[in-house]
Each structure stands twice: as structure tokens, then as C-alpha cells.
Amino acid sequence: MDMIDCHHLTNEKPKPAMATFFSTFTAPNPLRSKSILHYNQQFTVKCAASSPSLPAPVQTFWQWLTDEKVVSSKSPAKPGTVTEGLGLVAQRDIARNEVVLEVPKKFWINPDTVSASEIGRVCNGLKPWISVALFLIREKLRADDDYSPWRSYIDILPECTDSTIFWSEEELSEIEGTQLLSTTLSVKEYVKNEFLQVQEQVILPNKQFFPFSVTLEDFIWAFGILRSRAFSRLRGQNLVLIPLADLINHSPSITSEDYAYEIKGAGLFSRDQIFSLRSPIPVKAGQQVLIQYDMNKSNAELALDYGFIESTPDRNTYTLTLQISNSDQFFDDKLDIAEMNGTKEVQYFDITLGRPLPPKMLPYLRLVALGGTDAFLLESIFRNAVWDHLELPVSRDNEEVICQVVRSACQSALSSYQTSIEEDEKLEREDITHRLKIAVGIRAGEKKVLQHIDGIFKEREMELDEYEYYQERRLRDLGLVGEQGDIIFWEPK
Ligand SMILES: C[S@@+](CC[C@H](N)C(=O)[O-])C[C@H]1O[C@@H](n2cnc3c(N)ncnc32)[C@H](O)[C@@H]1O
């Protein structure tokens, strides 16, 4: 099927500036995202859904849903071929918040579907996404004469998306030096390890269910399908594929995720559940119904999960990883203080273009860099108050060190990219492939965030003489500093 053209971190740790301080920029943990999956323009609709030129598998799919009474000729939206592959096209004008489609639970694919299926017994105890992935692969690879009720749905799933997990080595070389490359490689490594395990424990010992060869490629396909189309954060459903609803595409110009979809009771006298999708904006007949997938995902997450990015500046992020070095002589005290204040030995800070630094970043940096004559603050009598002190500059030395370390880490990260922002911006204006556009947007975005971080600490460095440090604050609190900042001495008469 060619709905979508089928093509497809560890950054160097900057040298610690001093023994007690270890700062590193690495890729965000790919599996750390809040939800495994979820979800400017109006896109051109190439052909109306009722058009005979709709691909045959999509027509078969629609017929199946019609026979099952999930849809009818009066349905407000139908599948159509659009620039993003398949999408949902309005059959008539649709009002804001109007229900576009409803899909009963019987047609969902989730871990319960797998449990109730032939392979349920052998999938017992597997991670939810792995059992659903095996289910999808089995449905896809089953012989044509082996009837499956899911066949017409499986047949409309794309062979791949533009997610970086499907990129060739050559395409990946365009994101050399980026956090996205490291994340992509670690995700692929993770998927590979899970595959090897499930192959040995489930696929090979159960030839009766898997009489065909299942490859790592099949497994990556299933992972990509789940990552790009499963819904999550729904009532009791953390991983669910909803056929038909998963044809909905994303629009950057819709800036609210509210009310687009929900799970509700099928009716007053029914205990069944139904998935209901609403249009967040009014849509004219013939136009595509679109939603906002996730306001909180960065461009790197969008590229990894779905295979597109946005030009919105605040989608550009860079994850700064800071760490209390375990060779730090004050390691135990620092860790205790960090943990008492909701941070860890290794702490990630997601920095977004044009936004202030995350609130805990400066105190954490100051804590990590604390040493020398400032080390008294680590003593246990200060334990409850120390974080408050770290919220403000502690000493000139401490503040200077954090500026130097962050700036040198930024410079080092910036030097690992192959191109300059100017070169990227020039390329962005040219006629390039969708994947190259993603690559160029990602590498330019990361560099801009690094420059943004560097700029913040450059400014701080220039203001070092203007800050009030711990000792001055202390003297002022004791009433020993006059209003003009002059130190008041007690003068004997
Ligand atoms: C939930 S599916 C939507 C249906 C999909 N277009 C299809 O052909 O099956 C999500 C995928 O649609 C495509 N997509 C959705 N919104 C897009 C957008 N704004 N720009 C580019 N591709 C988009 C991406 O390939 C993404 O992985």
C-alpha cells in the first residue's frame, strides 16, 4: 500500500569544568514521554471520499464499516486521499464540536482484543504494546484465505510513515549531531531487543499461530503504527487503535486538544462503550476534518512519533541532562538535597525556544556546582532552607562556574552539527523532500535552542558583578547592610 511514500544520543559529554560538577547534554529518554501515543493550514483534498478513485482497500474498508452499521451514507465524514496520506473528509458542512464519527468498542483493537483472540493465551503477561504489535503483525501476515475480521482495516494501514524510525541510513545522516538521532537510535535498539525476546519466547515456540516468518522490520512496522495512530489518555484505555477514527490528521492551526475525542456509554440502556470523535472547528463540505494531536510534544517527538514537524518556534526543544557526579566529595549531601526538592541524581531539563529556563534548573545547577567556601550550605542545619538559598545566586564563584559550564556545553553541542542555522534556513526554502524538511527543521531548531540557552548564560555572566550573593543577603537580613549597600560597622564610642 502506498498511502504515504515509503522511504522512511549520545552527544559527547562536555568536559566537566571542575571535579564536583558534571554536566552533560544527552538525548531525552525516548520512553520517558508522558503518554506512549497520542495524538495551518487546511490541506488540499485530492479527491472526495465518494470518488471512485478512492483506493480499492479503502472502499472495502468503508463497505465493511457500512455492513457493520458503524457508518452510513449519512455519516458526516468519510475517508479520502489527502496530502497526508488518508484522512477524513467532510461530506457536508460540520459545525464546531459536532460528532464526526462514533466507533463501538467491538471494533477497537487493544490488549483486551488480543487477550480474547486466538493468541491471547500466548500473549499473557506481555507488555500491552507488544501484545497488540504481535496481533497486528499476525493479522497482516495471515494467508489471504485465512479469514480475519480485521483484514480490511489492516489493508488500509500504511507500510510506513515519515517517522525517523523508518529512515534509511542516508536519511538519518541528515540529522547527525542531533538529539533526535540519538533518540531514534535508542528507540530502534529498544524495539530490537523487545523483538528478539518476544521472538524467542512467543513467536518461535508457537508456530501454530505464527506459521510465517516474522522479521524485525515487521515489528518496527507495528511499533510505528501504534506510535502514530493509537489513542491514549482515554477513560481506562491507554493503548487503543480505533479503526476509522485513526484516519484523522493533525493541524498545527488548531491549538486546543479539548473535546476532540472521548469514550462514552453507547446509550441510556447500554453498557457498551463507544469512541466519539468531534470536530474542534467548523469544517466545510469537501474539506478535511483535523484535530490537534498534542500541544505538548516537541518537534523531535512529532518527528519520531508521526513523521512531521511544525514551524511553531516553541515546538523546538533541547533536553539538558545534568548530574551530580558520584565522585563529588559532597555527593551524599547534594543528592539528599536534590531529592528533598523533587530532583534526582540525573536530572533532565527540557528547554524550549523563547521560554524561560525550567524553574528548578538554576537551583539544581548551583547545587551541583557548590563547593569551596560555599560548602557550609550543605551542612545538615541548613537542610530545610538550602533550596531557598539556591533559588538565588550563592556566590560569584558558584554563579560563574555554572555560566561557564553551561556555555561550554552549548558550544560543544553546537560544534557537533554538520551545518549552520543559515545553511539550514536556506535549504528549507528549497524544494526538498518531506523527510529532508524534517531533518533540516530539527537540526536548525536544536541549534536555535542551544543558542538561546547560551544567550541566557552569557547575559548572566555579564551581570555577575550586579547580583546579590548569599553573604550580602545574610548581612542585610541581620541589619548589617545599609540602604545603599554599604556595610554598617558598629563603631565604639
Ligand atoms: C493517525 S494517522 C492519520 C492517518 C494517516 N494520514 C493515514 O494515511 O493513515 C497519523 C499519520 O498521518 C500523517 N499525518 C497526520 N497529520 C499530518 C500532518 N499535519 N502533516 C503530515 N503528515 C500528517 C502522518 O504520517 C502520521 O503518522
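Glycine is no exception: its Cβ is also placed from the backbone N, Cα and C atoms.
Substrate binding, as stated in TrEMBL, involves Arg229, Arg233, Asp246, Tyr261, Tyr306; the candidate among Tyr190, Tyr293 given for that site is Tyr293. A 10 Å cutoff on Cβ-Cβ distances gives His250 (S-adenosyl-L-methionine binding site) a total of 18 other Cβ atoms nearby, all chains included.
In this model, the domain 'SET' (68-294) carries an average pLDDT of 94. Within the set of binding-site residues Gly85, Leu86, Tyr261, Gly85, Leu86 have a CB atom less than 6 Å from some atom of ligand 1. Closest to Tyr293 (substrate binding site) by Cα-Cα distance, out of the binding-site residues Glu84, Leu86, Arg229, is Arg229. Recorded residues Leu86 (S-adenosyl-L-methionine binding site) and Asp246 (substrate binding site) have their alpha carbons 10 Å apart, per Cα-Cα distance. It is 13 Å from the Cα atom of His250 (S-adenosyl-L-methionine binding site) to that of Tyr261 (substrate binding site). Other Cβ atoms within 10 Å of the Cβ of Tyr293 (substrate binding site), summed over all protein chains shown, number 22. The S-adenosyl-L-methionine site is defined by Glu84, Gly85, Leu86, Arg229, Asn249, His250, and by the 8 Å test on Cβ atoms against their centroid, the other residues of the chain that qualify are Val82, Gly87, Leu247, Ile248.
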